[in-house]
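Asks: Straight from Swiss-Prot, here's the annotation block:
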- ASP77, ASP79, ASP81, GLU88: Ca(2+) 1 binding site (BINDING)
- THR140: phosphothreonine (MOD_RES)
- 189-224: domain 'EF-hand 4' (DOMAIN)
- ASP243, ASP245, ASP247, ARG249, GLU254: Ca(2+) 5 binding site (BINDING)
- 266-301: domain 'EF-hand 6' (DOMAIN)
- 317-320: motif 'Prevents secretion from ER' (MOTIF)
Amino acid sequence: MRLGPRPAVLGLLLLLLLYAAVAGASKAEELHYPQGEHRADYDRETLLGVQEDVDEYVKLGHEEQQRRLQSIIKKIDSDSDGFLTENELSQWIQMSFKHYAMQEAKQQFVEYDKNSDGTVTWDEYNVQMYDRVIDFDENTALDDTEEESFRQLHLKDKKRFEKANQDSGPGLNLEEFIAFEHPEEVDYMTEFVIQEALEEHDKNGDGFVSLEEFLGDYRRDPTANEDPEWILVEKDRFVNDYDKDSDGRLDPQELLSWVVPNNQGIAQEEALHLIDEMDLNSDKKLSEEEILENQDLFLTSEATDYGRQLHDDYFYHDEL
């Protein structure tokens, strides 16, 4: 028997879903710069991962740390000129983000695949997420605002699940599950992501998202002289980050840069931070000597996922 969600838990479920949807980039920035101050150990955690990995890194001898770090440096140096540029560091950090996202999805796949048959069904996904199978009528709105919001989110998840299922089998295989969890990483999900965003934000159905639609339900207080700070920030993002052709609206490709989590900015910021801190001769790039001289800083950065890469032979295994 399929059940709807228990009303008592709807509020909590909704909050959790909303938090998960928006927390990625802002959470990374908050952890990196709490109260606006740079946190040095954030870099190591990004490179190494969880505290257990950091502890394991500390156990490595100094020579072994250097050996593995030198191997990583060679891999980052894509043109083999002996220096790490902003672009090389940024590309490496983005690759690291993607690698660990894929690793996490693989771990989740095992947890969701309750009967260990190599696929995750929609029912298994529901059981893992909500401890029961939830099924909503697509055509019947709910009176309660929170319940209706949850229904909409749940139906969107179901549509994404169905889109990820390329072979129309009873469930998702690993590759399809990754597409479901990280549609931004899979080409065949791009059109779905854009369409989903247009359905949510394009209120007049013209195929674009205007500034007004971008800001949602915001209306300026008639007694206020100016917009609040957060609105000014959002307007600036619309104009300078997303509306590339400056036509006052977001086309589908511009919309994609808004709705899909984008690690490029975070990676570029970290690359610039490392060069700024470690570039001893001000040539805007890092030599192996500069990195080894500032080894602790480099191993507390996203470039090595806070040192985590020293324990993952996907990154450090190479001939020196």
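The backbone N, Cα and C atoms fix where each Cβ goes, and this holds for glycine too.
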Asks: Just the number: how many Å between the Cα atoms of GLU254 (Ca(2+) 5 binding site) and GLU88 (Ca(2+) 1 binding site)?
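Replies: Between the alpha carbons of GLU254 (Ca(2+) 5 binding site) and GLU88 (Ca(2+) 1 binding site) there are 25 Å.
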Asks: Around ASP247 (Ca(2+) 5 binding site), how many other CB atoms lie within 10 A of its CB?
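Replies: A count of 10.
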Asks: Tell me which of the recorded positions GLU88, THR140, ASP245 sits in the most Cβ-dense spot, judged by other Cβ atoms within 10 Å.
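Replies: For the recorded positions GLU88, THR140, ASP245, the Cβ with the most other Cβ atoms within 10 Å is GLU88.
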Asks: Could you tell me how many residues in the domain 'EF-hand 4' (189-224) are helical, how many are strand and how many are coil under DSSP?
Replies: 18 helix, 2 strand, 16 coil
Asks: DSSP-wise, what's the residue breakdown of the domain 'EF-hand 6' (266-301) into helix, strand and coil?
Replies: 23 helix, 2 strand, 11 coil
Asks: When you measure from the Cβ of ASP81 (Ca(2+) 1 binding site), how many other Cβ atoms are you left with inside 10 Å?
Replies: 10
Asks: Of all the binding-site residues given, ASP77, ASP79, ASP243, GLU254, which has the fewest Cβ neighbours within 10 Å once its own Cβ is left out?
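Replies: Selected from the binding-site residues ASP77, ASP79, ASP243, GLU254 on minimum Cβ neighbours within 10 Å: ASP79.
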